[in-house]
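Colleague: Here's a structure for you.
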Amino acid sequence: MGSEEDRIAIEKEKVLMVGAGGIGCELLKTLVLTGFKHIHLIDMDTIEVSNLNRQFLFRKSHVGQSKAKVAREAVLKFRPGVDIVAHHGNVKNTEFDIDFFKQFSVVLNGLDNLEARRHVNRLCLAAGVPLVESGTTGYLGQVTVHIKGKTECYECQPKPAPKSYPVCTITSTPSKLIHCIVWAKELALAKLFGDKSQVSDLDVRTSVEGKSITSEVENDDVKFFELRSGESFRQFAARVFDRIFGYNIEIALQNEETWKARRQPDPLYLDKILPNQQEEEGSAAEENGNVVEIEQHPSVSAMATLGLKNPQKIWDVQENARVFLESIQLFFKRRSKDIGKLVFDKDDQLAVEFVTAAANLRAHSFGIPMQSLFEAKGMAGNIIHAIATTNACIAGLIVLEALKLLTNQTEQCRMTYCVEHPTRKMLLVPVEPAEPNSHCYVCSETPLVLEVNTVTATMRDVIEKVLKRKLGVDSPVIMQGSSLLYETGDDLEDDMAAHYASLLNKSLASYPTPITTGVVLTVEDYHQDFRCSLHVKHRETFDEETEPDGILVTGDIASVINAEQPTLQPKTPAADDEDLFNKEENGHGDDKKDDDDDLVMFTPETTAGTKRKLEEDENLLKEKLKNHHLLADFGRRSMSVVVFTSWPVHREKDRL
């Protein structure tokens, strides 16, 4: 560790750990064995069975308990003299504010999502506390060091944007299984069991010779997907099956133009797939009319009811049809309290079974290869399976960097990348930290450009799609000059809250002071001590495939200057005035948390205007490292599914 003075100093230092999952368990153990005596640990999650294969501080008896509290108790059994404070809560809670962060000498992250990482990064910047970031996925991992004013912050480098899909592709022309999974998860499951107030259109909208063709029962759409009086659960499930896999496909086929260059889908009807379906009425389909009082059970399984035991077996069409029918019936009989508020959760076995069966049936109709429940769950839940030894290596590297920071050896700090195949006989590749990015909108407050159709886009679109999803702002305060346009907070008066809410659905151009090209919006988040400016630029159209949100945020301030002052000499953007959010479309679903708490890596590429020296031959190492470009941060409650597009071809299937 160094001198006796260093050892004593380490024992006195106060450290904050965020995350007690795959990396967190290893990190806490390594910290106490290294000699750290004062540790605070934050994690909002509870222990799940799927954690037990690598999060070694937990046992089966701990399932359902707080990760932070159990980790603390486990470590104190072999290091009872250590002062460990466990916080079971979200790091974004207001109790963990800037003053809370200021009490620590260093912050060590073992998080699982981009949203939380951004939040911690901003609090560390505001508090002036060094941050050590980390992530693993499979055999790959990295540890990065962020020191305010000396190195780049976590957000100096653009993170891969969430992959989203045009509605027309999902509803009408799927070509990949992921399209079918998004359809099953976000449309079918939501339509049948989710919030009825949310838009979820399962019907096909198409046209022939300019005339719209829709289902004959379009106007009765809501009632169609409800259980009818006197109808058994099985009859309801069969009726839904024929509608979404049969009749809707026939409607789509009427637009011959669509299928000239595509394979035509095959309508699926239950009486063709299961001709003896009336004789196959399962135990869950015997009740008529109203839902009877039956014991509610969250862990019911259609697979168990049907005797399907192997989650890695690809079901045939008949098996998928049976699982689809049985899962609907079980929701009504054993999960009726969830109907109307169900949200997909990768740990909800019945929901995963429904999504797998529905996605496979749709895939079969469109000629797309079907997948096992195991594979479908990984895609729908954004799961990349972790390796315990990688977590252990990364945890050790985190502690090494923490020791350098706490013993005033910051010049020795390195960003270290763990690679799968040796590079110059190295599996751990050290890289000197980069300088702060002068174009970072977080630590350098560089202005951003908001390209948007100001006539159709609303303030709600800006808040949800840009501020929260892309910029990671939790509690935005928006101003136009000295005018306050929007704010949130518990201390906000009711009349003001109602006023702001009434403006959310107004188009930007229809605001009392129109928001259009040339207007500058100032955005602040007091909790994060974050501030940025958005220069608005009106844009009429967006590409549905590459810009499905209809809003684009970039760092190219020059384009707005030219738009505002057309008589000026056109300015050539600097080499690093790049689009901060659309450099590369990698996958991820915006908010639902993964099974693994240790995801998120980014490529160690050189930042424009800075120099990152490698310990070995720079060019050769960079060429090698490009093959390990990891794709990125996962968050909670996603509306889209992650698709990985940058893995080497021979690894792509494994990563999904």
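Glycine is no exception: its Cβ is also placed from the backbone N, Cα and C atoms.
Feature table excerpt (TrEMBL):
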DOMAIN    5-440  domain 'THIF-type NAD/FAD binding fold'
DOMAIN    318-377  domain 'Ubiquitin-activating enzyme SCCH'
DOMAIN    450-542  domain 'Ubiquitin/SUMO-activating enzyme ubiquitin-like'
REGION    564-599  region 'Disordered'
COMPBIAS  580-592  compositional bias 'Basic and acidic residues'
Colleague: With DSSP helix as H/G/I and strand as E/B, how many residues of the domain 'Ubiquitin-activating enzyme SCCH' (318-377) fall in helix, strand and coil?
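Modeller: Looking at the domain 'Ubiquitin-activating enzyme SCCH' (318-377) with DSSP, the answer is 42 helix, 0 strand, 18 coil.
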Colleague: By DSSP, how many residues in the domain 'Ubiquitin/SUMO-activating enzyme ubiquitin-like' (450-542) are helix, how many strand, and how many coil?
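Modeller: The breakdown for the domain 'Ubiquitin/SUMO-activating enzyme ubiquitin-like' (450-542) reads 23 helix, 28 strand, 42 coil.
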Colleague: Note the mean pLDDT of the domain 'THIF-type NAD/FAD binding fold' (5-440), expressed as a whole number.
Modeller: 87
